[in-house]
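One structure below.
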Amino acid sequence: MNIDLYSDRAKQAVQSAQSLALARGHQQFAPEHILKVLLEEKDGLSRALIQSAGGRPDQLDGGVETLLAKTPRVDGAGGQLYMKPDTARVFAEAEKSAKAAGDAFVTTERLLIAIAKEGGEAAKLFKEAGVSAQSLETAANAMRKGRTADSANAEEGYEALKRYARDLTAAARDGKLDPVIGRDEEIRRTIQVLSRRTKNNPVLIGEPGVGKTAIVEGLALRIVNGDVPESLKDKKLLSLDMGSLIAGAKYRGEFEERLKAVLGEVTAAEGSIILFIDEMHTLVGAGKGDGAMDASNLLKPALARGELHCVGATTLDEYRKHVEKDAALARRFQPVFVSEPTVEDTVSILRGLKEKYEVHHGVRISDSAIVAAATLSNRYIADRFLPDKAIDLVDEASSRVRMQIDSKPEELDEIDRRLVQLKIEREALSKETDAASKQRLENLEVEIDDLQFRSDEMTARWKAEKEKVGGAAQAREALDRLRADLANAQRAGDFARAGQIQYGEIPALERRLAEAEAGDTQALTPEVVDAEQIAAVVSRWTGVPVEKMLEGEREKLLKMEDELRGRVVGQDEALEAVSDAVRRARAGLQDPSKPIGSFLFLGPTGVGKTELTKSLAEFLFADEAAITRMDMSEYMEKHSVSRLIGAPPGYVGYDEGGALTEAIRRRPYQVVLFDEIEKAHPDVFNVLLQVLDDGRLTDGQGRTVDFRNTLIIMTSNLGAEYLASQEDGEDVEAVRPMVMNTVRGHFRPEFLNRIDEIILFKRLSRHNMGDIVRIQLQRVEKLLADRRMALALDAEALNWLADKGYDPVYGARPLKRVIQKELVDPIAKKLLAGEIEDGGVIAVGVTDGQLSFGKAVLQ
């Protein structure tokens, strides 16, 4: 025996067989050890060979196991192993038959045939399993298709298509492919290219998620249904799995050998096989190592001669980046562009897929959910493509409903938790002997009995509902299988079976399903996916509130001005304009191609421009920090525009993205504040033009960022001198022309023309100060509340602070400084000195024109 003459797989089999013999304590290395290892091969090559020769591999395996169990065990033999004469004859026979067939290497199937001929006891097992050496040899020759074993990994090339490709036509025949709706034009164009004499290789090019792979699956379904021209009838469509082709190819040349074997089988099929290569750009450079040839170069000759029918699929970017660079490869393929379907087409696609998802999740999907998935995904999910994003929405919403059905209902869960608490309390009270505890125990018993009754009733109801949903799910699955059987029976011409399914079994199942679905409307858990479930998933993905508004939220929105007035004083016109924009958006009546609203706030310093923006963020998101604030004084240079949208290619920071675009990509629904807008460089306004007009902005990496769900607010002090010079109570509209002249002198007309509303903020009057003092004091009280302390200011103290803090030029900001200096600082000193204790009320009044602090009154 010359081990160098054996292929890698055969060497491995012999070594594993020796290890098996030692592990079982056998002193003799017998043919049955080799047979056992061959039957346990990972890819089952020997088993497949026995099966195709008409044998029973499981019976053979059982016989080998019995034979090995009878072999005497020797413990402590020190790992000595002797070759049985039968084994030597097996190796000699394998080498002889390999030489006779012109093979350079002995392969695993030669060993299998040799065991069947010369294996002694093991050879008898083959006869019992219904297979002879002759039938095995015939099956091996059929599997090899006339090829000789001229390399150490020759087995890798056997039945290469079975190993490295998936039969799409077989999957279509078994009903495993999703139905393909529409896309007739693209499928027709693909068929036209495939029917050419040479260069008959279409490549489907389109954005990710538009349905390129689905078009090929649609072609497979059409081939199975015979809905193709004569030239494509009875063809097989196989999908090449590049992953398994490359996986495990350790040595140089192994990958090329596998690919050559695949191409050889396709060529030998003489045009009856069409190869589909998904993610075609992976071919370019695949397998390329030191001096090795990459996959695309191996394909080119076969493609050019028309021997290889191939359909590729790749995205526009990958095609440009990888395939177009290789002009020789690109010219052998004919591009077929796949565009994104419209919302109407997406609705049709979803209606066709609905049944498959209903069967998988065991829930019902309403038509309103399908329409909502198409429209909401198109509007709110900007960085992905239809129909993929709409299908994902339906899938996730269905999974959510299924999870709710399988989980315990919230109401029942609360009752069960309360029961556990009460039972623990009962155990504790049962040991007490006083009258109060006994009374409490009696009350507990009554409450426990009541809750237990409700829990039992609800549990029984929930389980019954679950069973009903389970029954409906089983009926749907059976219906799906029957429809696939019906299609197969019609194709095979078995019209008796087709009639039985169509007019007997399917109607009976449909009746059963209708009964199961005619459920009670007061179900504990929802069984139907509707538009609201879809909206909830969209909200989770994007943060945009698109669910149906609850009654409380409606009330809140209608009284929005009153809420905001709690923080911003004396600017009613501004509050109204902003509130109207938010209400428009939540009622779904805003222009879908523009931001929720864009405002320019003009007014003197300290009148509440930035404060209104913060209070708006708190009102909408219950979080003052839910705001992207751009201080435009940082964007005074021309080059600072790149900080907003990201650096261009070739510059440092290209991968990081822009400050503005990244913030909106992560959180599409928020308030964007451009503070002190007039301080920015004029080029910054050019960037904002498309944001204000189309609600979108393209960042440095070419990605489109969606601003349609943002509220854009810009603040400025331009023309503030006119507003500041007004008398108390004077209408701001009187000075609007002068203010607008100043604004027009600074901003371009095309920028101003795109802003929804330019709002003038009034100068704060003295009578506004009382409300502002109260708002500012609330913040101080909040800080004191942590120490269980409270403030009590009398009317005189409030007036004193308002007078002292009022400055018509600087607005409310001086008041903040006055409160800090005259109120907070003295309290801080008294706290540190121990004059005020925690848990007291600090009484503040006015004495001799200054604030005075009374002794803390203990609560």
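The backbone N, Cα and C atoms fix where each Cβ goes, glycine too.
Here Swiss-Prot flags 3-146 as domain 'Clp R', drawing on sequence analysis.
According to Swiss-Prot, the region 'Repeat 1' annotation covers 6-71.
Taken from Swiss-Prot, the feature region 'Repeat 2' covers 83-146, and the record attributes it to sequence analysis.
Look at Swiss-Prot and you will find 159-340 tagged as region 'NBD1', backed by similarity to another entry.
In the three-state DSSP scheme, V210 (ATP 1 binding site) is classed as coil. For V210 (ATP 1 binding site), the same-chain residues that are 6 or more apart in sequence and have a Cβ closer than 8 Å to its Cβ are V338, S339, E340, P341, F385, L386, P387, D388. According to Swiss-Prot, the feature ATP 1 binding site maps to G206, E207, P208, G209, V210, G211, K212, T213.
Swiss-Prot lists 341-543 with the feature region 'Linker', giving similarity to another entry as the kind of evidence. The average pLDDT for the region 'Linker' (341-543) in the predicted structure is 79.
Summarising the annotation, Swiss-Prot assigns coiled coil to 391-522 and lists similarity to another entry as the type of evidence.
Residues annotated as region 'NBD2' in Swiss-Prot: 553-763.
As annotated by Swiss-Prot, ATP 2 binding site applies to G603, P604, T605, G606, V607, G608, K609, T610. For T605 (ATP 2 binding site), the same-chain residues lying six or more positions away in sequence with a CB closer than 8 A to its CB are N717, A720, Y810, G811, R813. A coil conformation is recorded for T605 (ATP 2 binding site) in the three-state DSSP classification, outside any helix or strand.
What Swiss-Prot lists as region 'C-terminal' is 764-859. Look at the region 'C-terminal' (764-859): DSSP puts its residues at 52 helix, 20 strand, 24 coil.
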Among the binding-site residues P208, G603, P604, which residue has its Cβ surrounded by the fewest other Cβ atoms within 10 Å?
P208
Tally the residues of the region 'Repeat 2' (83-146) by DSSP class, grouping H, G and I as helix, E and B as strand, and everything else as coil.
47 helix, 2 strand, 15 coil
The region 'Repeat 1' (6-71), counted residue by residue under DSSP: helix, strand, coil
47 helix, 3 strand, 16 coil
Using V607 (ATP 2 binding site) as the reference point, find which of the binding-site residues G206, G209, G211, K212 has the shortest Cα-to-Cα distance to it.
G209
If you count the C-beta atoms lying within 10 Å of each candidate's C-beta, which of the binding-site residues K212, K609 ends up with the smallest number?
K212
Enumerate same-chain residues with a sequence separation of six or more from T610 (ATP 2 binding site) and a Cβ-Cβ distance below 8 A; give 'none' if the list is empty.
L673, D675, T715
Pick out which of the binding-site residues G211, G606 has the most other Cβ atoms within 10 Å of its own Cβ.
G211
Find the shortest Cα-Cα separation between T213 (ATP 1 binding site) and the binding-site residues G603, P604, K609, and name the residue that gives it.
K609
For each of G209, T213, count the other CB atoms within 10 A of its CB; which of these binding-site residues has the top count?
G209
Env. residues of ATP 2 site, Cβ within 8 Å of mean position of G603, P604, T605, G606, V607, G608, K609, T610 Cβ:
F601, E611, T715, F761, G811, A812
